[in-house]
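Copied over from TrEMBL, here are the features:
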type     : residues : note
DOMAIN   : 23-221   : domain 'Major facilitator superfamily (MFS) profile'
TRANSMEM : 26-45    : transmembrane segment
TRANSMEM : 57-77    : transmembrane segment
TRANSMEM : 89-115   : transmembrane segment
TRANSMEM : 121-145  : transmembrane segment
TRANSMEM : 166-187  : transmembrane segment
TRANSMEM : 193-213  : transmembrane segment
């Protein structure tokens, strides 16, 4: 067991420990809403593709595969961007959220158009097209976590805590979004309106983050 002086010497200063624990409070609600919207899309898009193909297992496979691959590749891209442009990480996050929202708002209409164009080309080819339609916005979703982690780490100097906290709140939001969509939104609003709710959440998150950045530039608390 180390002596008390040595333990004191090895321990980081109290001010640094407090700084390592600090995370900006606004990060939590915006990332919760971001996670909620993402899983609403997953539920809605799976049902929309089921309506196009009439084969439930194919629509589930397309959406789940697109989400897994898109989140992974998007995370790699987001991490690279946060390292290269650390000062712009939050703005990139806001732009990604707005981009997801705009795509989501028109996604079902786009699916319908593509379904008409690809009618009769076979399930495999049409499934490939549908996969591309889903994976594009999911790439942006995957980039959001490393962008916020990069920002939070630059302020707290604690990668593990920043990643753990943000991943937890995003996962919590995702679970809430999936439950809300399946239990209430789809039955009460339908596919199109439910998608618009998710799109509104993304755009709201992007606008709120931009407002935070604007206040910070003005020196407001």
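Each Cβ is built from the backbone N, Cα and C atoms, and glycine gets one as well.
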Let me know the model's mean pLDDT on the domain 'Major facilitator superfamily (MFS) profile' (23-221).
90
Using a Cβ distance cut-off of under 8 Å, indicate which of 26-45, 121-145, 166-187, 193-213 has the most pairs with the transmembrane segment (89-115).
193-213
Determine whether the transmembrane segment (121-145) and the transmembrane segment (193-213) share at least three Cβ pairs under 8 Å, counting only pairs 6 or more apart in sequence.
no
At a C-beta cut-off of under 8 Å, are there same-chain residues at least 6 beyond the transmembrane segment (193-213) that contact it? List them, or none.
26, 30, 33-34, 36-38, 40-41, 44, 90-91, 93-98, 100-102, 104-105, 107-108, 177, 181, 185-186
